[in-house]
Amino acid sequence: MKKILMLNGPNLNRLGKREPGIYGVRSLEDLEKRMVQLGVVSKIEVICFQSNHEGDLIDKLHEAEDTGMDGIIFNPGAFTHYSYAIRDAIAGINCPVIEVHISNVYQREEFRHKSVIAPVSKGQIAGLGFLGYELALEAFKREAKGEE
Ligand code: DQA
């Protein structure tokens, strides 16, 4: 069975409460339930983890390789724009990462236009809300089936 890790970074535990005009009204729990459910349908185990702490996210990235995850769906939140430590962690593991953003970061403040994660990621999805996570799962699913 394929195993995919869904990682969410800082402030994403506040989904549903945090700036709903930008991030929507659904909670992280709603997102995690939906992704686990989609995984069940596709025979993929989806493991969910959220942290507000950079080091915890880095530990999970390392662990993903050590526990044989087939891919990582990762919304690093604001760390996207400046965390070289997270960038290096991704570069140092043998496990593909798809970067996801709920909002269209390119329509927002200038500091959000740069991702230090993108150059070490397989791909990036931004601006499609929660659907972005689902599409990332679909991409890993197709890849596993050789349909990419
Ligand atoms: C975000 C965009 C980031 O700029 C922001 O800091 C977030 C969420 C998104 O999902 O749109 O926390 O990654």
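Don't overthink the numbers, they just go from 1 along the chain as shown.
Quick reminder: no glycine exception, Cβ is built from N, Cα and C everywhere.
Heads up, TrEMBL stuff is auto-annotated, nobody curated it.
Marked as active site, proton acceptor by TrEMBL: Y23. In the three-state DSSP classification, Y23 (active site, proton acceptor) falls within a helix.
As annotated by TrEMBL, active site, proton donor applies to H101. Cβ contacts within 10 Å of H101 (active site, proton donor), excluding its own Cβ and spanning all protein chains shown: 22. H101 (active site, proton donor) carries a strand DSSP state (E or B).
Non-local neighbourhood of D88 (substrate binding site): empty, since no residue in the same chain at least six residues away has a C-beta under 8 Å from its C-beta. Summarising the annotation, TrEMBL assigns substrate binding site to N75, H81, D88, I102, S103, R112.
When Cβ atoms from all protein chains are considered, those within 10 Å of R18 (site 'Transition state stabilizer') total 13, not counting its own. When secondary structure is read from DSSP and collapsed to three states, R18 (site 'Transition state stabilizer') falls in the coil class. Marked as site 'Transition state stabilizer' by TrEMBL: R18.
Between the CA atoms of I102 (substrate binding site) and R18 (site 'Transition state stabilizer') there is a gap of 12 Å.
The 6 Å Cβ screen around ligand 1 retains N75, I102, S103, R112 from the recorded positions Y23, N75, D88, I102, S103, R112, ordered by sequence position. Within the set N75, H81, D88, I102, S103, R112 that the record links to substrate, no two Cα atoms are more than 24 Å apart, and one pair reaches that distance.
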